[in-house]
Amino acid sequence: MYRYLGEALLLSRAGPAALGSASADSAALLGWARGQPAAAPQPGLVPPARRHYSEAAADREDDPNFFKMVEGFFDRGASIVEDKLVEDLKTRETEEQKRNRVRSILRIIKPCNHVLSLSFPIRRDDGSWEVIEGYRAQHSQHRTPCKGGIRYSTDVSVDEVKALASLMTYKCAVVDVPFGGAKAGVKINPKNYTDNELEKITRRFTMELAKKGFIGPGVDVPAPDMSTGEREMSWIADTYASTIGHYDINAHACVTGKPISQGGIHGRISATGRGVFHGIENFINEASYMSILGMTPGFGDKTFVVQGFGNVGLHSMRYLHRFGAKCITVGESDGSIWNPDGIDPKELEDFKLQHGTILGFPKAKIYEGSILEVDCDILIPAASEKQLTKSNAPRVKAKIIAEGANGPTTPEADKIFLERNIMVIPDLYLNAGGVTVSYFEWLNNLNHVSYGRLTFKYERDSNYHLLMSVQESLERKFGKHGGTIPIVPTAEFQDRISGASEKDIVHSGLAYTMERSARQIMRTAMKYNLGLDLRTAAYVNAIEKVFRVYNEAGVTFT
């Protein structure tokens, strides 16, 4: 454990844990296949027991510690995949040595590597001084740089940033983005500060991170999160580039989610919400899953509810609305609105921008009940963690829960949803659109050229030459007396004839990433007979990928 005895406190890995064999719970895991209980194990086969890869509490409480909650989900996935990891080790070790090696690496993966806790003073506009608290957690450096957002909230704590950093590690692994996980938080309510004060806080926080080596294009790359956006990321990039990164040509790659003029990328603002849409799309169009839920594939006749009308909630609502689904309820911290005939996202966005709240929207009524218990097809919790608990899970009426937020479902609620045959599309897959497009922006900053710029004209000329070649061939074969046979491109081809723009590339790359990851989760769920337990399937995929990196790289310098 390392400790800075000043304004900053740096905590390294948790205390040493035995790396030998892990204990096992007596309860076996319940398998599901197409919504039905799994068949009894064959003679001689023992169902995988729940194993714990640290001293963290299992998912026994309705309101668990957030970081331990994530660790409990990790345990579920690790207990499923451990035997396969042992089987896949191609070494001369004995079976016992292989198993000890696997369990040791799983114990290495699980803790949060570093947590930086710091405080610093700022002078407010009225002349008074205030001490600001902030944190940055780095869960894993199996891939570098680390990646994770910065949030401004009075609820920020060490536990929260550790949990969110660990989720980022698994999230990046699920969608094959080569980053380790990190997360930062500043313990303030941004509504209580002027723009000038927020700029001071953001720039000073950046300098504190830089002094401790917690920010840099190849070290740790923050991004927007709750109550932060392009403006704050621009301040961070400018602060780093003007100081520590003054001589670094890649300095602006120290943060993503920037404005376009500061090295940002088209499509980043809507990326998380668009990713939520694509994630739902991949499962709602899968007939086998819809038959389990008693639903028809597609968005056409579906209703949905959004909890949280921020960046993620707004853009998720936009895309689902565009593809035919109907939003009947939207909720925020100050209240909810309801209209069984549907709520238009653009009209609601305009109203909120003008009035600062969704309450009073003329085309919807105030909803007094719990938004999480509204009768709908799809529920999108896009607010904060631990919203769906043991107490309200039995009353949830949605058939699909799409986790736009991080950690909205507690382990006990997750069990209830499995028992009730409700599909939960997990956070570590569904809201990975943001980090996916952040990866594209980071690469763009390192390449110092926007996507498509080098190929626009070549692709356009090539397409026109292709059309001319087809036209000339047809005229030689079928033309009479030198008559012409004009080739007219369709509207869709005309839109693409000049090649892909940066926005096109970002959108297609995100859609492909979400589709590929969804297929991997489906295959894993089928392979391990998990049925609707998509969360465990996603964790299994993440653990396999992170384990492979540690095992092949070696753990001497971990």
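Placement of Cβ uses the backbone N, Cα and C atoms for every residue, glycine included.
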According to Swiss-Prot, Lys147, Ser438 bind substrate; identify which of Lys110, Lys171, Lys415, Lys457 is listed for that same site.
Lys171
Which residue among Lys363, Lys397 does Swiss-Prot mark as N6-succinyllysine?
Lys363
Can you tell me which of these residues Swiss-Prot lists as N6-succinyllysine: Lys212, Lys527?
Lys527
Which residue among Lys98, Lys503 does Swiss-Prot mark as N6-acetyllysine?
Lys503
DSSP on Ser450 (ADP binding site), three-state: which is it?
coil
Among all chains shown, work out which of the recorded positions Lys84, Arg143, Lys147, Lys457, Lys503 has the most CB atoms within 10 A of its CB.
Lys147
Starting from each candidate's C-beta and looking 10 angstroms out, tell me which of the recorded positions His266, Arg322, Lys365 has the most other C-beta atoms.
His266
Number of other Cβ atoms within 10 Å of the Cβ of Lys183 (active site) across all protein chains:
31
Distance [Cα-Cα, Å, rounded] between Lys457 (N6-succinyllysine) and Ser450 (ADP binding site):
14
